[in-house]
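Under the heading transmembrane segment, TrEMBL lists 16-34, 64-85, 142-161, 167-185, 250-269, 289-309. Annotated domain 'ABC transmembrane type-1' per TrEMBL: 19-311, in sequence order. Summarising the annotation, TrEMBL assigns domain 'ABC transporter' to 343-578.
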Amino acid sequence: MKELKHLNKYFFKYKWHLIGGIIITIIARIFAILTPRFIGESTSAIERYINGETTSEAAVRSELMTNILLILGATIMAGLFTFLMRQAIIVVSRHIEFDLKNEVYQKYQDLSLNFYKKNRTGDLMNRISEDVSKVRMYAGPAFMYSIQTGILFIIVIPYMFLQAPELTLYAVAPLPILSFAIYKLSVAINYRSTIVQQYLSKLNTFTQETFSGISVIKSYGLEPQTNNGFVNLSNENKDKNIDLVKVQAFFFPLMVLLIGASNVLVIYIGGRKFISGEIDNLGIIVEFLLYVNMLTWPVATVGWVTSIVQQAEASQKRINEFLKEVPQILNPSEGHEDIKGSISFKNVSFTYEDTNITALKNVSFDVESGETLAIIGKTGSGKSTILELIGRLYDVESGEICIDGKNIREMNLRELRDSIGYVPQDAFLFSDSIGNNIKFGKADATQEEIVTAAKNAAVHRNIQGFSKGYDTVLGERGITLSGGQKQRVSIARAIIHDPKILLFDDSLSAVDTETEEEILNNLFKLSRNKTTIIVSHRISSVKNADKIIILEAGQVVQRGTHQELLGTEGYYKELYLKQLSEKEM
Ligand SMILES: Nc1ncnc2c1ncn2[C@@H]1O[C@H](COP(=O)(O)OP(=O)(O)OP(=O)(O)O)[C@@H](O)[C@H]1O
C-alpha cells in the first residue's frame, strides 16, 4: 500500500463526497438487511397459524400484508440508497482518475527530451491510460465494496450470532474458503488479463504501423507478408484469450458451489436444531438462508478486492516512477528577461546521452543582435544540435551559451523559449486546421496576422487554393500537405509571434529556388531587428548571411562571409562550385 499513499491527497480533496458516500452506504445496507428479517417473521406467522398458535386468519393476513409492505419499502429504500452510494463513490473515483491523468500528463509535458528518448511511446500511453484505470478500480469499486462488506459484517454477523450462535458458525464456515478461492482465481485472471493486454498492444502497434506505412507496403507488394504477420499475432492473441476464458469460467461455478455448501449446512444443521427444539421457529432458518446468500457476494469481493489492490499498487508504482522523474532542464528563474538577441557560443561541447555521440566539440561563435548567421556542413556534422541547444532542448556538456551576455542556464526558461521562433527540420503539423496550426505560435493571433505570416512564408496562395482555405484540416482526417507546403506553414508558425531570435533548420530544403528566394526576401525584411540562424545545405540560402560557419564532425572548420569563403579553399567553395555547375546543367 506504500505506493497507493500517493492517492491520499485526492481522497482528502474529495473527503466530503466520500464521507457522504460512507453514510449512504451504511443506510443502504441497513435497509437491505431488514428484508430477510421481515421474510423470517412472515414465515414464523404462517408457522404459528399452521400450528394453531394463532387462530384468526384475518390477523395473519394483516401481519403478512404489513410485512409485504415493509419488505417493499425496505427494498425500494435499499435500491435508492445503493444508487446514491454508487453516485457518490464511483463518481469520486472518476474525478480521481481525471486528476491523476492530468497530473501524469502535466509531468510528461515538463520532462525533457531525454526522457522521451529513454521511454517508448507505448509505455507512456499505457501508464496514463491502463495504469490509471487500474488505480481507479482501487479508488472506486474496491473502496465501495470494502465499505459495503465491512458494514454488512458488522451488522449481520452479530445479529445472526444473537439469534443462533452455533448455526451462525456453520453458516459462515465456508465463506473464508470462498474468499480465499476467489482471491486465488482473481490473481490468476489478472495475470492472464495482463498478458492478453500485452498481446493486444502488440497487435495494435502492428496494425497502426501497417496503416501508417501503407504506401510503402503497397509499393513493395508486401501485402501477403503483412497479412501473415497479422494472422500470427491474431492467433497468439486468441490463444491468450482462451487461456483467460478458461480461468474465468471457474468464477461463477465456484461461487455457486460454496453458496450451495453454506445453504446445505444451514438447512441441515438448522433443521436438526429445529427438530430437537433448540430453534423454536422456522423463520430463523429462512432468515439465515437469506443472510448467507446476502453475505456471499461481499465475501467473494474480499478476494476480488485484494487482487484489485495488488494490481493498483503495481500500477501506481509505475506511475510514481514517472512522477518522481526530475526534468533535466529546469527553469532557474521567474524573472523578466529583456532579450535583444545577441548569441554567443563559448567552447561548447555536447554529447547525446543515449547514443554517446559527441555532436559538438569546442564550438565558438558570436552573432550580434539583428545579424544573420548561416551554418553549413555535411550531414551529421552537428548543425541541428546547435539550434536545439539555443532553446535549451538539451543543456551543454561544457562551455556556455550566452544571450545578450547572460548564460542561458540562468535565464527564465519560458521567456527564453518565447523569444525564439524555431522551425525544426521535420516540420510537424497537428491534425487541426491550417489556421490553427499557424496560430500555435501565437494563441491570440487575429486572422489578419495569420494571413500576413502565411504571406511572408509564401504559402498564402497555396492555402487559398484549398476549398476551405485556412479552415482546411490537416493530417489523418484531412489533406496531406506537400513537403514544401509543410515547411512553409511551419515557418509561418515561427514568425507569427514576432520573436527576437529565428532559427531555421534546413527549412527551405523542400521548396524550389524561386520560392526560396521569395521567402528569404520576406525574411530579410522581417528580420532586420532579429537575430537569425539559418542551417542549410544550399549556398543560395546562406550567401547573404552576415556570417557563415562551416561545421565538420562537430567542429567549426571555416568561418567568414560568402565572399571571404569563396576566396579560401575548402568545403564551402567546393559546394558552391558543385551547386553552380548543377544549376548550369
Ligand atoms: N536526438 C539525438 N539523439 C542522439 N543522437 C543524435 C540526436 N540527434 C542527432 N544525433 C547525432 O548527433 C550527430 C549530429 O547530428 P545533427 O542532427 O546535429 O547533425 P546535422 O548536421 O543537423 O545533420 P543533418 O544535416 O543531416 O540534419 C549525428 O551523428 C547524429 O546521429
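Using N, Cα and C of the backbone, Cβ positions are placed for all residues, glycine too.
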Same-chain Cβ contacts of the transmembrane segment (289-309) under 8 Å, 6 or more residues past its ends?
-> 1, 4, 32-33, 35-36, 39-40, 134, 137-138, 141-142, 145-146, 148-149, 152-153, 156, 160, 171-172, 175-176, 178-187, 189-190, 255, 258-259, 262-263, 266-267
If you count CB pairs under 8 A between the transmembrane segment (167-185) and each of 16-34, 64-85, 142-161, 250-269, the winner is 250-269
Tell me, what is the mean pLDDT of the domain 'ABC transporter' (343-578)?
-> 88
Please give the sequence-distant neighbours of the transmembrane segment (142-161): residues at least 6 beyond its ends with Cβ less than 8 Å from one of its Cβ atoms.
-> 18, 21-22, 25-26, 29-30, 33, 85-86, 89-90, 93, 167-168, 171-172, 288, 291, 294-295, 298-299, 301-302, 304-305, 308-309, 312
